[in-house]
Amino acid sequence: MSQLDVLILDDEESIRNLIAANLKDEGFNPKVAANSTQALKIISEKPVSAVILDIWLQGSEIDGLGVLEIIKKRYPLIPVIIISGHGTIETAVNAIKMGAYDYIEKPFNNDKLIILLKRACEVTKLKRENIDLKSKVIDKTELVGGCSVTLKYKMEIEKAASSSSRIMIHGKVGSGKELAARLIHKQSKRVNNPFIIFSPTCMTTEKINQELFGESEKQENNNKRPTILEFANNGTLYIDEVSNIPIPIQVKLLKFLKDQTITKPCGKKTKVDIKIITSTSKNIQDEVNNGKFLEDLYYRLNVFSLKVPSLYERKEDIPLLVKYFVKQLSKFSGLKERHFSDEAITALQSYEWPGNIRQLRNVVEWTLIMNPLTTGNNEIIKPYMIPSEILANSANLTKLEDSFDMLSMPLREAREVFERQYLSAQMSRFNNNISKTSSFVGMERSALHRKLKLLSLHIPPTNKINEEEYEKANA
């Protein structure tokens, strides 16, 4: 067995030394601490495999149950074995409820402690393997897609991850800002340390103040509970929709950013090392101009600016995203894995997706739920199975609403109506990219330019690459 680090926290030196000697004989690597401050410092520097914790800890700033609470919140997989010579059944029950692996009384049998410790480490090992297995089955930090916009975005994320600067992620609701933050953390040097998400949107000013800085109107809550900033020490703190933080808290956050020091109400100062990532779906510059966001705070947080592309800009990724969501839902929601027809994919690509990736996932899930697999006849998802609002707002490619009117038209006029609908839909599908549209429909670019002009289809450019082609098409 490879050596496992085990922390022994007890206020009695003789007990610490005795347990440490016994653990060393059994192949463990013991680390000792006399109080909560020493113990939490040891764990923050390098998480241990297990903790043996005395419940009383005389002379310690935080008692055993308080230390247990902190460990289980910061490092939920570390097993904690409680030991005490003055315990009661009520204390033991409370410790187990708070997440302790087990509870034994002093004086204890050394063999029993060793067996308990080995069992706790083995259980934790199995939990970690299970988590690793689940993460391999489906990676929650996977950025699906291979279009040019997505590839460029992936490169920007890599640059952000290698930077030590603070990062602000800009993107529309549902575009995947949290995913971007997770990817940055995953690819950074802090990957093995905490990734903490803080969302202040639905919190009161008092609650935000308490969570970030440990300040509460209830004096008994002050100083005891570790803050979000302490939880994120040595790791990454992701603040979602940072523009929703009230001005008084912005002032405190700005002060914290200057030296990354937390000052508790009691006056105690704690230095932390955190990579801070923030996100917003609002135009922060407008918020600054309107006096809703501190300009200095904006500049300190927006050192590295990352823009998340909307799904509208990534329409070519929709087929891959649909496959990904179908596979995800079949594995974790029990829904049967299905195939979306080319016509259904085309309908999805023709929609503008104001709700972005999140909306697409919801649509895929709704479609699978509302069209259960009953026979082989409905194994393939057809356009009519997709939510009606998606089809109603998609470009008119999968159906011809004017089919009855066209029956009364001469062939030349009917063909013009069809071509206008068809090319309009295809241009929308490929985000107004002339090259990709011409390739798909089987026309030369110059021929497509002429056809668009002939049909009076003036498609505005969506990026600089298309500007020259747009001018040619509308010349």
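Cβ atoms here come from the backbone N, Cα and C positions, even for glycine.
Listed in Swiss-Prot for this protein:
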| type | residues | note |
| --- | --- | --- |
| BINDING | 171-178, 232-241 | ATP binding site |
| DOMAIN | 5-121 | domain 'Response regulatory' |
| DOMAIN | 143-369 | domain 'Sigma-54 factor interaction' |
| MOD_RES | Asp54 | 4-aspartylphosphate |
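This view paints the features noted in Swiss-Prot onto the structure.
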residue: Asp54; record: 4-aspartylphosphate; DSSP class: strand
residue: Gly171; record: ATP binding site; DSSP class: coil
residue: Lys177; record: ATP binding site; DSSP class: helix
residue: Asn233; record: ATP binding site; DSSP class: coil
residue: Ile239; record: ATP binding site; DSSP class: strand
Can you name the residues of this chain that are 6 or more positions from Gly171 (ATP binding site) yet have a C-beta less than 8 Å from its C-beta? Lys177, Ala180, Ser279, Ser281, Lys307, Val308, Pro309, Ser310
Nearest of the binding-site residues to the residue listed as '4-aspartylphosphate' by CA-CA distance, picking from Gly174, Asn233, Ile239? Asn233
Other C-beta atoms within 10 angstroms of the C-beta of the residue listed as '4-aspartylphosphate' total 24
For Lys177 (ATP binding site), just count the other CB atoms lying within 10 A of its CB, please. 24
Structural state census, the domain 'Response regulatory' (5-121) (DSSP three-state): 55 helix, 24 strand, 38 coil
Can you name the residues of this chain that are 6 or more positions from Gly174 (ATP binding site) yet have a C-beta less than 8 Å from its C-beta? Gly355, Asn356, Ile357, Arg358, Gln359
Averaging the pLDDT values of the domain 'Sigma-54 factor interaction' (143-369) gives 90
Do any residues at least six apart in sequence from Asn233 (ATP binding site), in the same chain, have a Cβ closer than 8 Å to its Cβ, and if so which, in order? Ser44, Pro194, Val272, Asp273, Ile274
